[in-house]
Amino acid sequence: MKHLASSIALTLLLPAVQAQQTVWGQCGGQGWSGPTNCVAGAACSTLNPYYAQCIPGATATSTTLSTTTTTQTTTKPTTTGPTTSAPTVTASGNPFSGYQLYANPYYSSEVHTLAMPSLPSSLQPKASAVAEVPSFVWLDVAAKVPTMGTYLADIQAKNKAGASPPIAGIFVVYDLPDRDCAALASNGEYSIANNGVANYKAYIDAIRAQLVKYSDVHTILVIEPDSLANLVTNLNVAKCANAQSAYLECVDYALKQLNLPNVAMYLDAGHAGWLGWPANLGPAATLFAKVYTDAGSPAALRGLATNVANYNAWSLSTCPSYTQGDPNCDEKKYINAMAPLLKNAGFDAHFIMDTSRNGVQPTKQSAWGDWCNVIGTGFGVRPSTNTGDPLQDAFVWIKPGGESDGTSNSSSARYDAHCGYSDALQPAPEAGTWFQAYFEQLLTNANPSF
């Protein structure tokens, strides 16, 4: 369940060696100086501001969430005066209803420039389709926050140009000091011992500034994967025990500062195999409800995000053997067991679930806690509000499929033993860097298929 800033310096500048670009070649995007015309039978399709591609007989498309009957109320943005005086979008009900989600340009560029060149021709159209699926942008280092502004500006421009339905921004806030306290693969940039709490608050302030600047852009945030769940089950780990007060202070600060009219937030809540056990449900609900009330019951905190970067099913008729007797063996059972406890404690929460890598069920995990680059997985259900459960706001893609969970190199400083298990695909690169074999696995096993 790991994600870390990639060290790969992506470049979208490819050599112009012919007047017309071949099928699947790049034909446009910011900074592109090569061919802009495609060979006969292909059309130059703009996938994002940074990348256009020659696709056979295709035109650019946007992915729209199919919506439920829950209504979304917005104030229409004006077409003048961008930036600090932008009109404010306000939301009520399901924050996904009535919006299409933003396709992550960075992930799209990874797919097109890293994955597709080495894929067999039969998989290239499928990979191109994956690049168009909206996935969350991870703000896993402070240096990425300005890029958030770039994306919000792009969304603002598209919405003013008449995007219908309007586009919502989707981001993961993920930079706690002493991050990933119970594992090693995704340790972050801040240390509690080295001014980490103050640095984190500055990071949150920078995110808030972007959200205020683009107050006419509806934005959905997932807050700190793997943080509060560790405070439920892993306080026996010294690093987690030492981080407890800092985690709570930092998450409280984030919830208060990002409680804005144009924002909807979901706190990370692990998954069924972590907090869904009967012994963990009560303590988890108590913690989440206390965090909610301590932050002043922020209106923007819609609920909890589950299965982030994990592989669990939404609903199973039979519990797999690796769930080891947990009655809440899928995410639907988990949230329906958790929700009443939260409500009784004053937090009327709704949920979202990451389905980016849960297309194959049952999984090939040897144990339910095996989280690193699990073999045999596939892309799952595309983003949708058609969940069939009033507690579940949406299925979404939070983890960018194809980015590694962690390295299998045991000599690495960030090596975690889970990444060397027999059910982890190997050899694997560092967390957050591109893992071509894993992307191909997800693509080949996608359910529904591309």
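Each residue, glycine too, has its Cβ placed from N, Cα and C.
As given in Swiss-Prot:
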- ASP180: active site (ACT_SITE)
- ASP226: active site, proton donor (ACT_SITE)
- CYS27-CYS44: disulfide bond (DISULFID)
- CYS38-CYS54: disulfide bond (DISULFID)
- CYS181-CYS240: disulfide bond (DISULFID)
- CYS372-CYS419: disulfide bond (DISULFID)
- 20-55: domain 'CBM1' (DOMAIN)
- 59-90: region 'Thr-rich linker' (REGION)
- 1-19: signal peptide (SIGNAL)
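Separating the Cα atoms of CYS44 (disulfide bond) and ASP180 (active site) is a whole-number distance of 42 Å.
In the three-state DSSP reading, CYS44 (disulfide bond) counts as strand.
Comparing Cβ neighbour counts within 10 Å across the active-site residues ASP180, ASP226, the minimum falls on ASP226. The separation of CYS27 (disulfide bond) from ASP226 (active site, proton donor), Cα to Cα, is 40 Å. One residue stands out among the disulfide-bonded residues CYS27, CYS44, CYS240 for having the most other Cβ atoms within 10 Å of its Cβ: CYS27. Across the disulfide-bonded residues listed here (CYS38, CYS372), the residue whose Cβ sits among the most other Cβ atoms within 10 Å is CYS372.
Between the C-alpha atoms of CYS38 (disulfide bond) and CYS27 (disulfide bond), the distance comes to 7 Å. Rounded to a whole value, the Cα-Cα separation of the residue listed as 'active site' and CYS27 (disulfide bond) is 40 Å.
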